[in-house]
């Protein structure tokens, strides 16, 4: 629980801050509080209290609460004065820390004045800062009652009370409030005014204050409890001033004895009336630890292992890096230029010192609290670095800063990391000096025109919604598209290079053509379809700023009056932000988050509790504080060269510090743990003390922590022995207090050891002796079997076997939306389901517990595996998870851009360009005529309705040819005039082609218009007929309704209908029936859900059992060798390996399994000489060759019986217990006949139908004649059918246009160059020659092996 601390460290605490009076105040010295000679004796319940709401009878319990330490002393904090008050009375040690609480013993001063009894004692005040913004608890005697208040007092600087019996020259003054203070608690309690002592028990826990009281030394009883929600840090006993009190009168002496409380475990004993009669502080002594361990005030004789003992430190070693600069955190926090939450600022402080007390005082702190860290531990601690974030707080959003809040400040501005160790500071600055820096950190907002907010200096901007965009986002539409829009034209502008224009599309809606619709409408916050909006809502993460405000894209384009054509947005286009002032009471409220990195592992240190660097003590146990890391250890100086200049601490693999380099002396040290050992206590019921054995510790180490009186001590083979005489040369054959390794603690009564005490100056009732148990030479005729002889088989030979085992330790998590599972989206079902109470909540709670249990189980399994287990990666198992051969195409389908695509010939697409044109019937005939030869253009002129036509498309070569002909005809007239005829014909025929195409389209349009007009006329006639028919229907229906109304009136009058409306009755019945059916469905589905959850619980129980079994097998089989047979595999365990598997662990066990056995006679025990019994230890007594021998239980190996393999018994008798013969009841309960039971319950139930008669003649039954209207509608349908439009078919023809001549020329040249290069490679290079040589050799005749012939010539 986070407790907000409104105080400075304890060194700054004072009693009040209001100067109520200056009369008779001095600073004369006074004595320190007295220390009591008597101590807290809890043996009869002193210092204990009764547990709330619980009663215990005749029992002993262990209870952990807030108790004083047994044997602790009291301090007397009472102060008594006459006229003067000393300023030293209001400082330490009288002003004390409250911590967990206090137990006080108060003397009740009883005075008789004028035959009136006055009960007087001092007033105690418990609080924190003792001013009117925190609660102070005051316990004050007043006129024979206890007046207890918890109010926001303004305490005086020098508070005091006065005597009521004899009065005082001073006026009582301990608080000053102009008006009635705010109080949480105010109540009077009676107490026994005639008692001598009063006892008070005050403690606090989790923000709640508890008070207990008693008027005797018995346990205190509950007085009251009060939740404050904050810590009380100090307490103080007010001085009591009286007139002329006699100092020699004991009855007039003030005493207020106080001792602190701490959280301790007590053993409490209750009698048959529920009264605490005895108590034991479990950690006060070794004997009390035995009492608590056995829950007995008188433990049995025995040896008890107690909590470990560690040698206590004898010195302190303190180290800090010297001469580090001050962090100056307060200067950064007090900077008057404060950011807003939108652009919060961060600064990192490292390698410096800071004083938290001074810091909190300099920044006008409102509150300071920490998360995942105790704020009180910051004082004196060191950190690797401290990261500070700050921003001004909008007054209306202050609640958003609560940890875990999802308000605007944490969702869209600054996210507080609740998983890290951090502290939250709320402070303020004078508003007159503060200027809020409202800066938008979003780069994409600023790119499109966001400049500033134009707000006042105290207005704090914060984001309500954040939006993220990709790098190609642009909010403006493309200008060319916008110009084509005739309706809903979007604003447009030029977007930056590398960005995409706003997504828009043009459609036809009703009679509006080119109606444009763009994305992100009406704005990104309330977009119709968020998926089509490029602006995505986002939440800020830890350490992140808001990605940007949303932009209304309808307000982005070329701004009015601007010559800039780039995409910009107007000021009001940016959405999702708001602002508020930070000023209250003329101060601006600011929030700062302290993130603590590397706690106790750095050089950024708080110097609040700064201590000077000390000497490094070696070879002794010391407390150390090394650069903020604290602990205990023994330093040994070593020569180490592995420290770099920036390193000074040495760690092991587990993160424990094991060495350090001293920056002061430049020496290096290794750190070893302080000497520690286990403590064994030997206790005998007749003794008043214990014999202690500090195992593996020398007495010289132990004596550093223990003050000896008359106890003897010595070093033994087992360790240091206290309170026993060293008599190891003396042996005993029987021992009740065995210490192990052949040693025993023998108890002697004081009478038997009196002679020995005369010879030794220091002696004890215990002796440390050698233990030699009875060892008999076994004679066959003196030994008898105990319990009979039995024949068993013992293994004599084995073989190694391996076995795989899979154990499930985890399971997939299941979550169910109960309401949706039962009712889907049916509203009526949800309403009825709400009447089932918390069923769904219970289901979700159970599943959450199941999932939490899964997490916990998995964590435990992981912890077990992480501690000393190596997961084998070479197990040859039968579990294969090869997914390479799994074909998912049948599930996924075709993926990629080529799915569903079709194409023409590759060469056609490569060599030609495609053109599509409308064909009314002559284009296809023209192409069939030309056959691809463009020179036949005019020869293939087509005739359409007697008109010469050509297709309106020309290729590049045709255009070139006709242009050349026209040019030649124009250059040399009249001789070349004939050359222009083809051009003229070409133009005229193609114009004819366009004309006939338009003619056909025009005719089609006329046909459509005529047919549509006819259809409208038919529809009109049909609607008229329908209207007439509906009028007739309405007339008949109205008349029937009138008749029905008359019938219902008769029913109401004659039969006394329960409702005036039959429809209402039917609707209610239907609704009731529907609810019944819904209820049945809900019951069925809830039953199914309950069965499923029950199955989940059953399954998780199996998983939990499997996880527990897996952890047990990891610990017993993998980490060690199990003694259990068939637990780790099949047989006697050798070793096991473990491997991760899906939802579990896979074990490979190796064991040896017996394959041959020997049958022997065994006995459960042997009786020696008729009175001493022995039993085998981890084996059997076997009769081998008429001799009794011992053999192990897992392997036949006879050996002599000795004290190492037997257990001794005091008797030879055997106690038998007969097993009860109890069987499970498997009988099926017998039920009575169903029909007879039904008749028993319903034998008198009879339903009689009422005699109902109706006057049907009063109903007006009218028949409708709609023959004429039906014929008229039929004629309209026929007319619509005749409106079929036989439009002229206009085909679409696809033609190919050849490339120009120069393209073919370029292709030819490229082909020729390729052939030349190929020829050069094949014929003019060595590669080509080698190829020809190969081909030549292929044709040679092969006739077998040919020897090489070498021809040589020489002179004889």
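Every residue, even glycine, has its Cβ placed from backbone N, Cα and C.
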Correct range for region 'Heptad repeat 1' (source Swiss-Prot, candidates 852-902, 954-1004, 1005-1055): 1005-1055
Range among 924-944, 1071-1091, 1092-1112, 1113-1133 that Swiss-Prot annotates as region 'Fusion peptide 2': 924-944
Listed range which Swiss-Prot flags as motif 'KxHxx', given the options 1347-1351, 1352-1356: 1352-1356
DSSP state at residue 928 (N-linked glycosylation site), helix/strand/coil: helix
Closest of 20, 163, 327 to residue 1215 (N-linked glycosylation site), Cα positions, disulfide-bonded residues only: 163
Rounded to the nearest Å - Cα separation of residue 282 (disulfide bond) and residue 382 (disulfide bond): 35
Same-chain residues at least 6 apart in sequence whose Cβ lies under 8 Å from residue 605 (disulfide bond): 320, 324, 353, 354, 380, 381, 382, 383, 627, 628
Nearest of the recorded positions (20, 192, 666) to residue 355 (N-linked glycosylation site), judged by Cα-Cα distance: 666
C-alpha spacing of residue 327 (disulfide bond) relative to residue 370 (disulfide bond), in angstrom: 20
Number of Cβ atoms other than its own within 10 Å, given for residue 156 (disulfide bond): 21
Residue 20 (disulfide bond) to residue 292 (disulfide bond) - Cα separation in whole Å: 52
Other CB atoms, at most 10 A from the CB of residue 929 (disulfide bond): 14
Minimum Cα separation from residue 292 (disulfide bond), reported as the residue among recorded positions 151, 352, 454 that achieves it: 151
Among 355, 1215 [glycosylation sites], residue with fewest other Cβ within 10 Å: 1215
